[in-house]
Amino acid sequence: MLMQALRNDRGGQVLIGVLLVLMIAVPLLNQLPPGHALHVPTYTVTLMGKYLTLALLAVAVDLVWGYLGILTLGHAAFFALGGYAMGMYLMRQIGDRGVYGNPLLPDFMVFLNWDELPWFWYGFDEFWFAALMVLLIPGLLAFVFGALAFRSRVSGVYLSIITQALTYALMLAFYRNEMGFGGNNGLTDFKDILGFDLQADSTRLGLFIASALALLLGYLLCRYLMAGRLGRVCVAVRDAESRARFLGYRVENVKLGVFTVSAMLAGVAGALYVPQVGIINPNEFSPLNSIEVVVWVAVGGRATLYGAVVGALVINYAKTYFTAELPEIWLFALGGLFVVVTLLLPRGITGLLRRREASA
Amino acid sequence: MTVASVFEQILDRDHVYPFMQRARPHDIDVSHQVLLYLEGISVSFDGFKAINDLNLYINDGELRCIIGPNGAGKTTMMDIITGKTRPDTGSAWFGQTINLLDMDEPAIAQAGIGRKFQKPTVFEFLSVAENLELAMEDDRTLWTILSSRLSGEQRDHLDQVLEMIGLADQRLLHAGSLSHGQKQWLEIGMLMMQRPRLLLVDEPVAGMTHQEMDRTAELLTSLAGQHSVVVVEHDMDFVRNLAAGGRTVTVLHQGSVLAEGTMDEVQNNQKVVEVYLGE
């Protein structure tokens, strides 16, 4: 069924092709000598890896917003939780190489005069446990939150507002030192992952490839889910929720299932993001981040999945460029872009391309 | 229940627990020929009595027309039957055994009550065939939604319904691009896909041309017999057409039944004339 879905999915074919080419070409071009015209510096590799994880987050948001009509303004919370789970693993890998050289406790706990590891840090020495938590913690939170919200039929603007409240509450909680997640400094100063030095070029290439692969698999999963009857039920719920109920569909279960899968994807994106940027702190929970993701999806084109990838890459590239060259312009450019897209391109950048293709 | 009998139950491989049974259309007990019982139902919204001690019985396989002036409580009655609104008092039974007041909208829909709305609500971004597929009688758990594909029999049923509603040539078209009348038929087609025991049809011919109306009347009459059909309608010509042959017509007024009988009886009823024409 997936193959059949991909056959009708031009944008998806292009995306998969580009990702496969990147996974092979970027490591090769990185090997060229630094003076060479085609040399891709490691800094750029990591930057691209970071963009790819953000694109995966955008795909996760498109799954719930584009197909199911849930305007989530809190998905960065799931992204950050996945990031924190990975960050905790990376903290445990530091061992006694911290500033205080304590073999048992991370630096910030030594600084707070704690004498033993809190219970919720147990198990994060092991990669498999951390990887499991990357999926389980965001998934569980989304499940509980979704069960409460969707059962009581909260939808529309009200749901958007409580997703904002969710991520804001988490941000405030993670800012507190007593929480045991490093307070406002967050988790940083990572040394290695699975025994590989995080500063080494080869590790950075590995993380880049892992990010591209995660985006590829995440895209395929979402495409698979939305290609069958579930996708049509989602669209039905998005466009006429009560009608879907009168057809006998348990709307809340559909929403809950898709929302949970989406949160888990966001968690994976966060877990791959953290080792590449080298830090995770409570700012990642800030409500503004979640809103920005929605802007990426809107700019790229809703309910296409590949549009979310395009939007995330275009805007983040623009962000990197503008904040370096014209820092005072960036926020105006972002706001202006959102207005222009909403007014002139309701189906986003990819909608424009599709229209051109259809008329050709 | 004693401990021993519980053990016996667990060990018995063929034991059927209540949770294993689903209320299926063919499980509905209509041994008294009555499919739907509404008894003593009242609802008020902010002090306004939308339904006032309503009693209504629909027989198995009958086609019933319900008429009444604006605000008579026709749509509220449908909301109660389909679980959208909870009545303040009264009881609603589907067959002898299914208590509708204990169930929510999806459960009632799965038990075999289909509803067509006043304003045609089809899923505009899906094709005609996909609309029908969504409505098809099938298991509705998340897992089956994810993994199911159309069986040969289901495909035949779909083609048959497309033929009946006259949209076979439009099957791949987006439902949003259909004309108003075609959307109404598509919605009726969706009801047929559900294979409900009871169809509630709210103003099916609003905004239709005369030819379309005749076609709709034919469709609905052909459905009666295997399904019970309840039609709420304002258009008197259409109701006269449907109720021809001595079918029962119910007149609602201020939330309760004012008169019931054949079209001729109802039209000559003094109270009905008063309500419709004023004193």
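Cβ atoms are placed via backbone N, Cα and C, with glycine included.
Lifted from TrEMBL, the feature list:
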- A:12-31: transmembrane segment (TRANSMEM)
- A:77-95: transmembrane segment (TRANSMEM)
- A:127-150: transmembrane segment (TRANSMEM)
- A:157-175: transmembrane segment (TRANSMEM)
- A:205-222: transmembrane segment (TRANSMEM)
- A:253-273: transmembrane segment (TRANSMEM)
- A:293-317: transmembrane segment (TRANSMEM)
- A:329-349: transmembrane segment (TRANSMEM)
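Between the transmembrane segment (A:77-95) and the transmembrane segment (A:12-31) there are fewer than 3 Cβ pairs closer than 8 Å, counting only residues 6 or more apart in sequence, so the two stretches are not in contact. Two recorded stretches are said to be in contact when at least 3 C-beta pairs lie under 8 angstroms, sequence spacing 6 or more; the transmembrane segment (A:293-317) and the transmembrane segment (A:127-150) fall short of this definition. Scored by C-beta pairs under 8 angstroms, the transmembrane segment (A:253-273) has its highest count with A:127-150, from the stretches A:12-31, A:127-150, A:205-222, A:329-349. Annotation: stretch A:205-222 has the most Cβ pairs under 8 Å to the transmembrane segment (A:12-31), among A:127-150, A:205-222, A:329-349.
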